[in-house]
């Protein structure tokens with residue numbers, strides 16, 4: 001009987017939960033996984049990010065690189081409405097897919113300048129699963145594709161309120177900045193210090209004490225000041241395409257500035273090979289030229305000129 | 001419910017056509033319900049209508065798949081495919097949702113026993129999935145089943161509502177078609193194309209539509225704690241002159257994050273959300289203790305390295321300075337020597353000038369004068385020596401003593417061989433001891449013959 005009552009009350013509670021706020025509650029779950037062929041650094045980055053996202057479900061490596069639409073079903077299976085997918089190519093290039101599951105959109109980005117938390121040796125640290133403050137650059141609001149990307153970041157990296165395993169305090173900031181056509185991602189710890197002017201006592205934060213630290217403070221906020229200590233990881237993302245669907249559908253944005261790393265590498269190789277090619281070409285040219293001048297044994301003989309020395313003094 | 005998902009996945013794995021199975025099951029259930037509806041039960045009075053609606057729908061749209069009838073919450077309605085619109089029609093999807101709601105409210109009156117069975121599995125952490133919008137697959141579904149008329153009407157309505165955007169879309173769709181044409185080209189033809197002429201795709205309408213579909217409100221109308229996102233007041237890129245300049249760039253990022261942190265903190269504290277972690281709240285951290293230990297060890301190592309480097313530099317400087325001192329000393333010595341020699345020379349000249357009449361007496365005088373001069377020079381040089389120690393300094397007594405004991409300077413060879421004095425010295429000889437040695441031996445001297453015999457035996 002109690003079970004019946006419980007389920008009934010739960011059902012009714014759920015019913016009037018949604019319209020009470022007027023807006024739907026922000027519920028996000030992220031399926032986070034990589035393709036096969038990631039390097040250890042890619043894997044470590046994935047782990048770092050997963051450790052900061054209590055609302056994520058980490059899954060085993062995904063086998064296929066062409067049938068990415070299967071990820072939708074997988075996400076459905078795990079009851080996730082976001083997918084964060086690392087696709088490694090050639091054991092060195094890393095592409096990141098961010099997708100909303102049933103209906104899209106999907107963003108594909110190229111990840112560069114990757115430094116995992118462990119490599120960076122930063123002194124910052126934060127609670128595992130605390131909700132971050134997401135700091136977006138103002139540039140994100142200027143263009144539609146950036147707005148879409150921002151929304152996806154918000155869904156993926158923002159820990160929803162009341163998420164399971166999330167901690168009640170807020171102690172880190174995640175910063176997304178657009179510079180040079182790329183998105184730079186940083187992660188800082190918020191450390192609160194006594195506002196006594198003596199900041200030297202703060203461990204590790206001493207180096208970060210920049211002039212911007214001292215000015216702005218609310219009188220109501222006890223006498224503490226904020227400074228930030230970087231936690232890591234660091235990486236840079238270059239958007240490539242946005243698809244309308246989830247791992248499918250028409251492409252609604254394409255970045256023309258993006259040059260694929262394969263192209264860069266082949267360009268390098270070609271320029272290196274070019275030196276040899278030029279030399280070989282020149283050699284061949286000389287052979288032909290000599291032949292034309294009749295200086296080679298097998299070459300074409302030039303018809304004797306009437307004014308040639310040999311002809312004149314014959 | 002997760003079970004049902006799993007079932008689906010399993011079925012997909014096995015290759016069983018889940019749609020068929022579902023339809024069969026549905027038909028069975030419908031017949032069962034119809035049978036039940038025949039009973040005089042008030043709570044089922046409303047139901048047949050809903051059922052009819054449902055069954056009609058299922059007939060009309062053969063492809064409609066309800067995920068599982070037992071699970072009301074996950075009943076997903078697939079809106080129908082349409083070729084012209086792409087997947088852009090949100091209105092239609094919403095219509096579908098509202099229909100679903102109506103159905104749910106209809107069925108709310110009755111107590112669904114199936115719900116109780118599965119309610120335990122639906123936890124709070126579940127996310128609400130939005131209804132899936134089906135998209136047409138290129139070409140394949142163009143000549144599909146004929147669409148129900150009602151759907152066409154709905155499409156037309158939606159199309160009218162979006163007529164403005166539709167025109168723009170058409171233009172953009174044209175460009176899409178161009179691209180698709182390009183994709184259809186054979187490889188040989190594609191190679192001929194110059195890659196730089198590809199058209200840029202930036203479909204603003206579609207982007208904004210996608211955005212509006214997924215966006216969660218972040219404006220002032222909702223509490224900040226629901227989203228916790230801050231947009232900086234001015235573009236950060238403005239304060240970065242050169243992206244390659246690491247220090248400036250990181251400083252700009254830091255400033256952006258700091259601004260967000262301050263604003264966010266103020267807002268959260270105003271909303272009464274706990275912000276600062278109390279000192280006695282311990283929980284798992286992102287970096288574990290081992291890693292923090294490593295970081296600390298690294299910091300310490302860096303500090304010690306720095307100190308060691310400073311020390312080494314100091315030593316180097318000292319060494320350089322010490323060399324200078326040595327050079328100065330050598331120069332001074334050379335100068336002193338020169339001066340002495342000069343003085344001797346001048347003295348000699350004076351003597352020779354004063355007259356050669358003097359004899360031996362003069363020579364002694366000269367030696368004394370030279371000694372005086374040299375002593376004066378020595379004294380000067382000794383005075384100028386910086387440190388004590390050595391054989392003439394303040395700690396010289398000990399040195400002298402040791403020198404006396406162990407010897408210092410002079411020739412090392414023939415030190416132990418006799419010279420005339422030592423050969424003549426009989427200080428160490430005592431007759432008594434010599435005699436005593438003789439007294440101890442009592443054996444008398446043997447006769448000559450016996451001695452000879454002994455020598456021969458030996």
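Along the chain as shown, residues are numbered 1 onward.
Every residue, even glycine, has its Cβ placed from backbone N, Cα and C.
What TrEMBL records for B:23-196, B:369-458 is region 'Disordered'. Annotation source TrEMBL lists compositional bias 'Acidic residues' at B:61-107, B:163-186. Annotated compositional bias 'Basic and acidic residues' per TrEMBL: B:108-121, B:372-381, in sequence order. The coiled coil annotation in TrEMBL covers B:300-347. Annotation source TrEMBL lists compositional bias 'Basic residues' at B:447-458.
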Other parts of the chain folded back onto the compositional bias 'Basic residues' (B:447-458), taken as Cβ under 8 Å at six or more residues beyond its ends:
none
Compute the average pLDDT of the predicted model within the coiled coil (B:300-347).
93
For the compositional bias 'Basic residues' (B:447-458), the number of residues DSSP places in helix, strand and coil:
10 helix, 0 strand, 2 coil
